[in-house]
Amino acid sequence: MIMEEIIQQIVNGVSLGSIYALIALGYTMVYGIIKLINFAHGDIYMIGAYVGFALTTFLKLGFFPALILSMVICAILGVIIEKVAYKPIRNSTRIAALITAISVSLFLEYGMMYFFKPDTRTFPSLLPDKQIKIFNTDAVLDIKNVYIIVVTISLMLLLQYVIHRTKVGKAMRAVSLDRDAAQLMGIDINKTISNTFAIGSALAGAAGVLVGTYYNSINPLMGVVPGLKAFVAAVIGGIGIIPGAVFGGFFLGITETTISSLGGSLYKDAVAFAILILVLLLKPNGFLGKDVKEKV
Amino acid sequence: MLELKDLHVYYGGIHALKGIDIKVNEGEIVTLVGANGSGKTTTLRTISGLETLKSGNILFKGKDLKKVTASEIVKMGISHVPEGRRVFADMSVYENLEIGAFTRKDKSEIEKDIQNIYSLFPILYERKNQSASTLSGGEQQMLAIGRALLSRPELLLLDEPSMGLAPLIVKDIFDIIVDINKKGTTILLVEQNANMALQCANRAYIIKNGKIELEGKASELLNHDEVKNAYLGG
């Protein structure tokens, strides 16, 4: 019985963690390249869920077409946000950029409420309602968990490929390591920043559709808490470091479900932020971050 | 090939370049010598489009570079080895070289050029899979030069290649610079090490407080009293 409980919680934790990881990847990539905490990122995830909702409810698309289209639309939205809101203030202070990001976040949340009503909507059931027993125990694996985990892992592998093997990815790494030197190699900074926003936002859009199908309900403020949690995940792993975001996401997801299953579900958010405080105190560069000393 | 005409650049409120005129002819090694803060690095950064000029012109092969972005300038044939080498620390030596060819699409030619760089700097071949941060200063300088050559530049800008290197290695680096020039790349070299720079250059400019103080044949400046006193240690 105990064993089943543990397996069940691990499955839940990994599913939740993969959502955090998907969102955290966008945070960390954008931070890596322009040193901006893009607080509007959680809202792109919300928009992804709404786009998925519209495509499946009104256009009756299936899960995968909706997932891919939603990723594309979020990518475009991310690029537009960068061009309209962040590019004009790229050379101003960090605090100005941060305030802009918060404004964009509020704009998206309340814009959605204004145009598409603040009500919670029911996301259609897209995936078969099937449960699989794990290893002949009583622990069950919902097919939805399988979809979440498989889609997330595939996207991460794809991202890994893009970043290490393609020109677009190499340009992104070069710009985040040294922007001036990257320009001297002939890399177009504006294009590379746009690409980063596109990829990060597409991942958030995918997370939105996955969560919509998993919990069957979406609302305009659904991005706030997962957005903050994903930010915590990115910091835990070391912000700006891509494997760190994945690690932080899974770590946070598994920790939260463990706390909940031990009867502390009321405190799971508090625990997440307590972990953030501990990480900032003890390992401010994150678990996978290097201790970099500022050169004077 | 390259002509700077009455270049004025402000650097964070400071009038860093106050009317610079420099000419680099095809096939030459031209050196720009001066003390710390005299405007050498700013001159190079302005040529490659990292700084914006207030007034004046930069002509490269007759074309004005004023409105051209940094990445376009690389495509036009100018490559810049920045001060402090600035290799991509978390990337391998091979990846650094590969990214030097970012503007090119001819894959097999790029691979050939990388092999050429390995034969020019055998140590880079030995360390090709190591991350660039593990290289010594001299090796990093070689990598930075190799990386810059991979865009197949017609004009190579070098910013203090001798900085922080042991004298023996400085000599190697300068031999290689002369070698690169002999193979057909024009070079504009910025140096504090006036002695080495004047020995390998054809012509030289002495810069002080954002203005050109002296110009002439490198061999003549090497024996010029004022230069001797100010830059060659008497």
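Glycine is treated like the rest: Cβ placed from N, Cα and C.
Pulled from TrEMBL:
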- A:6-29: transmembrane segment (TRANSMEM)
- A:61-81: transmembrane segment (TRANSMEM)
- A:93-116: transmembrane segment (TRANSMEM)
- A:146-163: transmembrane segment (TRANSMEM)
- A:197-218: transmembrane segment (TRANSMEM)
- A:230-254: transmembrane segment (TRANSMEM)
- A:266-282: transmembrane segment (TRANSMEM)
- Note on the structure: When counting C-beta pairs under 8 angstroms to the transmembrane segment (A:61-81), the leading stretch of A:6-29, A:146-163, A:197-218, A:230-254, A:266-282 is A:197-218
- Item | Long-range neighbours of the transmembrane segment (A:197-218), counting only residues six or more past its ends (CB under 8 A) | 15, 18-19, 22-23, 25-27, 29-30, 38, 41-42, 44-53, 63, 66-67, 70-79, 81-82, 120-123, 125-127, 144, 147-148, 151-152, 155, 159, 162, 226
- Task: State the non-local partners of the transmembrane segment (A:266-282) in its own chain: residues 6+ outside its ends, Cβ under 8 Å from one of its Cβ atoms.
- Result: 225, 229, 232, 235-236, 252, 255-256, 259-260
- With the cut-off at Cβ under 8 Å and a gap of six or more residues from its ends, the chain residues touching the transmembrane segment (A:230-254) are 10, 13-29, 31-32, 37, 39, 41-42, 156, 159-160, 163, 176, 272-273, 275-276, 279-280, 285-290
